[in-house]
Amino acid sequence: MAGNSMSLATREERRPWLWEARSSTWFIVLTVSSGVFTDMFLYGVIIPVIPDAVVSRANVAPEDRQDWVAILLVAEAITYLATSPLFGLIADRTRSRKIPYLTGLILLSLSLAIQTVSHSTTMYMIGRALQGASAAAVWVVGLAIVCDTVSSKEIGKYMGYVSLAISVGELTGPLLGGVVYEYGGYYSVFGMGFAVLGIDAALRGMMIERKVAEQWLSGSDRKQADAQFGTPTVVPLLQASPSETSESSMEAVAWRTKSSHTGGGNEEAPTRRKKDELNMLSLLKIPHLLFTLWACMVPTLILAAFESTLPITVFKLFNWSSLGAGLIFIPLTLPSFLSPITGALSDTYGCRLGTTFGFLGMVPPLVCLRFVEDGNTLAQKMLLCVLLAIVGVMMTLVFAPTMAEVERIVAGKEAEIDDAAEGDGGADMGRCRATAYALLNMAYAVGILGGPVVGASLQQEGGLAMLGWVLGLMCVASAVSSFLMVDGWIGVGVTRRKTPSSSSSSSLKSSVRSVRNNSLPLKSDHLWLLEDEEPGWHT
């Protein structure tokens, strides 16, 4: 007893400053959102600078500047594509995800420093390549940290906040980069970038992962932290009192638990071998995950196609300046403020209908781009802005829900192959989340690489009209595939139940079994979880 008391006292003395807030759901989601915002902001803030910088600082001929801008962007995208699976593997095999997450911060700092002092195309390429690697770390590891922190039935809402941060970074980066470069010069742009990076670094350094903070949580601390900061309560089943086995705590145990296996040791080894099979190759064999990745890739491709074509279009049609070319993206990205709402709706109603409607809703405005004609009139400008705004609204129905659906698919697959085991706690739970989001990043990278190629070639052949038709047909195909396969093959019927969420149902089965095996009270609301078990045990 004395030894336990001393251990508890020592543990309390080592608690970091404000550890409850720093490990709370809102702070972790804020930190990850800051990370993706910083990545998108620094990606965009340099875009208005590169065309002049490669000429004035790297001695590129003016007629070759467009080629070098494309080369630098492709270098970043290729590195992003190549390093995403690497960071996914590292994050799923290390005990703490914070280490690879901070590695991304170091890479981003090096990238920004190299580009600040660059005077050659080689140095610019190295800087952009490092920025692509840092983006892979931020996205893969950051999204996995969110999944580690948030309950599966709320993942859509919180992914909506992350999606919002992405869009804000996309919107503000090029705008502020162009304005600061015009009035402050080259080094002022990078000074602003380092200021944003400093804020992000402070948040990343302060963040404490949930599984790390659990070591300081006593029973009373859990309840107090949950009430104050909205963090989920995590109660081991074998230590829970009968009063703690309510529906809310049952669901909390299902998604982040340290339960103990009551069966014989012979069952543990096969379970571990099954879990080891859940890797990138096995994830690629899940059909509805592939269709979900496709649904994530298509909007990214559409945005990348617009990024490469809209500036040139408004130059030719409306004689707009570089500032106007940046402002034209506001109607496209402003609707992203609806992302938390669309994400929360996907938590309740699933991803299928919203994604299908989103893709179908993009078809009319994309096809109607053919009516934007040469003529510097207010009506033509308003038409283009309205069409882009509709596309932006429909994209919000796709982005956040599909990001969250990746987590649900992997959680369901883990629960399916580990249905009869309890797991080992934080070390094993969620071990494929980063790998899954590495696949998501690779899908984004394909869209980023393919968008400019598709956009430039189609605009050169037939202008906005042909671009709109092709992108519209792609959305039709995506709507059909989303309706059939997102949320699982539609032929199997309804697969999602409101309480609890489908992604945690199999995990709840394991928790219910532990409650039964340890003679703890079981609410009748959970009996349906074992409807496929041996009959009669709960009667």
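The backbone N, Cα and C atoms fix where each Cβ goes, glycine too.
Listed in TrEMBL for this protein:
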- 28-490: domain 'Major facilitator superfamily (MFS) profile' (DOMAIN)
- 24-48: transmembrane segment (TRANSMEM)
- 68-87: transmembrane segment (TRANSMEM)
- 99-117: transmembrane segment (TRANSMEM)
- 129-146: transmembrane segment (TRANSMEM)
- 158-180: transmembrane segment (TRANSMEM)
- 186-203: transmembrane segment (TRANSMEM)
- 282-306: transmembrane segment (TRANSMEM)
- 318-338: transmembrane segment (TRANSMEM)
- 350-372: transmembrane segment (TRANSMEM)
- 378-400: transmembrane segment (TRANSMEM)
- 438-458: transmembrane segment (TRANSMEM)
- 464-490: transmembrane segment (TRANSMEM)
Proximity of the transmembrane segment (350-372) to the transmembrane segment (318-338), 3+ C-beta pairs under 8 angstroms: no
Contact yes or no, the transmembrane segment (282-306) and the transmembrane segment (68-87), 3+ Cβ pairs under 8 Å, gap 6+: no
Intrachain residues whose Cβ lies under 8 Å of the transmembrane segment (464-490), provided they are six or more past its termini: 287-288, 291-292, 294-295, 298, 301-302, 305, 309, 313, 350-352, 355-356, 359-360, 362-363, 366-370, 372, 402, 405, 454-455, 458, 496
Any contact, the transmembrane segment (378-400) to the transmembrane segment (99-117), with at least 3 Cβ pairs under 8 A: no
For the transmembrane segment (158-180), sequence-distant contacts whose Cβ falls under 8 Å of one of its Cβ atoms, 6 or more beyond its ends: 25, 29, 32-34, 36-49, 142-143, 146, 150, 188-189, 192, 303, 322-323, 326-327, 329-330, 333-334, 336-337, 339-344, 396, 399-401, 403-404, 407
Recorded stretches the transmembrane segment (438-458) and the transmembrane segment (68-87) touching, at least 3 CB pairs under 8 Å: yes
